[in-house]
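Peer 1: Below is the structure I would like to discuss, written out as structure tokens.
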Amino acid sequence: MDRKGIVLGSKLAVFSMILLWHRHGVDQPRNPWSDGPEFITQCPIRPCGNFTYQVILFEEEGTLWWHAHSDFDRATVHGAIVIHPKHGTTFPFNKPDKEIPIILSEWWNDDVENVLDEAKRTGGDQGNTYLLRVINTGLTNDMFFAVAGHCLTVVSIDARYTKPLTVDYIMIAPGQTMDVLLEANRTLGSNSRYYMAARAFITLPVDTIPFNNSTATAIVEYTDSPTARPPGPPEFPLLLPAIKDEDAAMAFVDERMLIDIDVNFLPCDTTNATNKLCKGPQGNQFAASLNNVSFESPAIDVLDAYYYGSGRGVYEEDFPNKPVNAFVNPTGDNGGRPLLTKRGTKVKVVEYGTVVEVVFQDLSSENHPMHLHGFAFYVVGRGSGTFDERRDPATYNLVDPPFQNTVSVPKSSWAAIRFRADNPGVWFMHCHFDRHVVWGMDTVFIVKDGKTPQAQMLPRPPNMPEC
């Protein structure tokens, strides 16, 4: 187990910016104090203040990432974390000749003044194998990614090794990381330049929200090509899915939860003409929910309230194991599902060591990348339509399921995960589309202390930011 102390300071006083720092996919054993989400495990770092994060690495190995965790700050405040094998060990596959981090993100027109039209290249030699560490840091979209003329072999997801899978393209959700091997196996004398391309995947009608569906590209160029032959135009990935290609997107348990994921509305005070939030249908406010509960951030962080035993009035320990208003048989339009929701700061409390199964049921018209802090989980099942608790568990993969910290749940579909609650503390679970986090598509798991000192949460650091 490695422990690192890293000081984060907010010196942007002129912009009155507040900062929070989350290491996405780092489990932080017994140490929720340094996890980072705003008003869940700490209060914000105010301008000109600082806070020392204690980063604890345990079993993670591979590619993770870090980002701000307050509103939309992570649109630009993010970066890669690469955790190499321990000394004396190596990858569970042939060592690549080179490693290349690739960060996929979104371009926000409101934040930039000039756009430079330039292509950035990376050179490679024929016969070499390259490990591409792909990270989707975007706020709103799953991304397709491919390299023309080459296959990709997925060897790790969210810093956990997986059974190698060779594909023409990958689909990566916001918040996810994937390590993929690229073999530079084109024949000598063929084209020496190939496009590396990324394209967003959306399920909403394109005319619903103005959207630039352009494809981001970079150029992979072989450096050992005969100099006598001038380089031709790069080849484009022919198998990169279209922007709305939905087909391409597509034990023992102590605690079972069925969680409906939905985008809905909150009643709004339409008599207040200055209320800018009342922009939804019939003057309602846009919201999002888990099990018909739209999470409301408290005035003080949940972790402090739990630690001091003062949770009363801050949160309620009655997050439902099943939807409050169940909706059966979701279809493409999901007509008839409950559209109004209610606010609440409801959390789920579990005993240390509990094996938890969560089935996410997507009722909305878009995908949702669901992320759990403090844990990695097994993705044991997926399916389209309504989850059938009698039939569908028989289809679970309990032999070699992927081990991840973010799972993408397609629209009108379900995904089942399992994890052991062996990390005491307060842990945020949320959709990684930031607008949905702000709207309330989140909740909190509180894992109680175990009986031994090694199974108990670490003491509160003395320099935690004040609310």
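Sequential numbering from 1, following the chain as shown.
For all residues, glycine too, the Cβ spot is worked out from N, Cα and C.
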Peer 1: Can you pick which of His368, His373 Swiss-Prot lists for the same Cu cation 4 site as Cys431, His436, Met441?
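Peer 2: For the Cu cation 4 site that includes Cys431, His436, Met441, Swiss-Prot also lists His368.
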Peer 1: Distance check, please: Cα of His432 (Cu cation 2 binding site) against Cα of His368 (Cu cation 4 binding site), rounded to an integer number of angstrom.
Peer 2: 7
Peer 1: Looking at the domain 'Plastocyanin-like 1' (7-88) alone, can you tell me the average pLDDT?
Peer 2: 70
Peer 1: Sort the residues of the domain 'Plastocyanin-like 3' (318-451) into helix, strand and coil with DSSP and give the three counts.
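Peer 2: Looking at the domain 'Plastocyanin-like 3' (318-451) with DSSP, the answer is 10 helix, 57 strand, 67 coil.
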Peer 1: Using the alpha carbons only, what distance in Å do you get between His430 (Cu cation 3 binding site) and His436 (Cu cation 4 binding site) once rounded?
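Peer 2: Counting only the Cα atoms, the answer is 8 Å.
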Peer 1: Would you count the other C-beta atoms found within 10 angstroms of the C-beta of His368 (Cu cation 4 binding site) for me?
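Peer 2: Its Cβ shell of radius 10 Å holds 30 other Cβ atoms.
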Peer 1: Show which residues of the chain containing Met441 (Cu cation 4 binding site), separated from it by at least 6 in sequence, have their CB under 8 Å from its CB.
Peer 2: Ile261, Val263, Ala288, Ser289, Leu290, Ser294, Phe295, His368, His430, Cys431, Phe433
Peer 1: What's the number of neighbouring CB atoms sitting within 10 A of the CB on His373 (Cu cation 3 binding site)?
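Peer 2: I count 28 other Cβ atoms within 10 Å of it.
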